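Colleague: Just lifted these from TrEMBL, have a look:
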- C195-C216: disulfide bond (DISULFID)
- C289-C310: disulfide bond (DISULFID)
- 35-143: domain 'Ig-like' (DOMAIN)
- 149-243: domain 'Link' (DOMAIN)
- 244-337: domain 'Link' (DOMAIN)
- 1-29: signal peptide (SIGNAL)
Amino acid sequence: MPGRLTLSELCRFLLPWVLVISNRALGDAASHPGPHYLLPPIHEVIHSRRGATATLPCILGASPPSYKVRWSKVEPGELRETPILVTNGLHARGYGPLGGRARLRRGHRLDASLVLADVRLEDEGRYRCELINGMEDESVALTLRLEGVVFPYQPSRGRYQFNYFEAKRACEEQDGRLATYGQLYQAWTEGLDWCNAGWLLEGSVRYPVLTARAPCGGPGRPGIRSYGPRDRMRDRYDAFCFTSALEVFFVPGRLTLSEAHAACGRRGAVVAKVGHLYAAWKFSGLDQCDGGWLADGSVRFPITTPRPRCGGLPDPGVRSFGFPRPQQAAYGTYCYAQT
């Protein structure tokens, strides 16, 4: 009958459409762009400590005829990336605040791994290794995570004194930086229970609760409680700070705050900051049942093994005597030896 397709003609007509549909269903590589030259990293999270040297792996499976590799840091909460280093396989050039501490590992001719020296608190975050070959760019992402400790902080004036920018500055003054939500969450899983709300690096305000109770958000499940969006200039809360490993030692005595500074100075050290003491408690197991002056004028002591007449609480932690009068000669001091 005129106008009818034969079986062979029908097959020739439908075959291209069948192939397209089957390729999409099976995940055709061409329809899912991904690394063709860059190998996926074995570990996407790299762990390090402050002061250490960290290596972020980026390996080419084959070398394109002409290419560049660009390393950048993805800034948290911002739609931008900060360039660190660019290489064409022969020469490399560093950029920005990280460029001076960054270099390529160059373990072999296909190695574009980034090496960061003297890791700092602000180095934690997400990094991107991007291959630019003039045709189809590829990239792999890695996360640099620092081992550290989160501590709540408020000034001598009492709680809820900081806007976001003041909280950020206060953490830096105590040898730390504002904690991220991820860092606060991990601290909560490790036992941090705190009723006062504090700023986080992303600009949110939250607090961790292990034991739900009336003065701490009321009944409910344990977790990270949120205050929702806040005004960074107008709203005022405490701060959750993050710091990494450091060494601290205790000097006994009945000292005023000025005598504490002198005692540490005679030992080639300075009075420790709050972040120093928390890091020493977390990483060095510092356990001292004696109150000691810190640089901000507070008196605290670290407990690794809870015991009677040593703070009265059943869990490890850093206890606080608040902010006594600086002229009160009643405490030792915790010193930090700068290297």
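Just so it is clear, glycine is given a Cβ too, placed from its N, Cα and C backbone atoms.
Quick one: where do these features end up spatially?
Modeller: Taking the Cβ of C216 (disulfide bond) as reference, residues of its chain lying under 8 Å away and at least six apart in sequence are, in sequence order, C195, Y207, V209.
Residues near C289 (disulfide bond) in space but far in sequence (CB under 8 A, at least 6 apart, same chain), listed by position: F301, I303, R307, R309, C310, G311.
Taken residue by residue, the domain 'Ig-like' (35-143) breaks down under DSSP into 7 helix, 48 strand, 54 coil.
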Colleague: If you draw a 10 Å sphere around the Cβ of C195 (disulfide bond), how many other Cβ atoms fall inside it, taking every protein chain shown into account?
Modeller: 14
Colleague: Any idea what the model's mean pLDDT is for the domain 'Link' (244-337)?
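Modeller: A mean pLDDT of 93 is what the model gives the domain 'Link' (244-337).
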Colleague: Please give me the CB contact count at 10 A for C310 (disulfide bond), counting all chains in the structure.
Modeller: 15
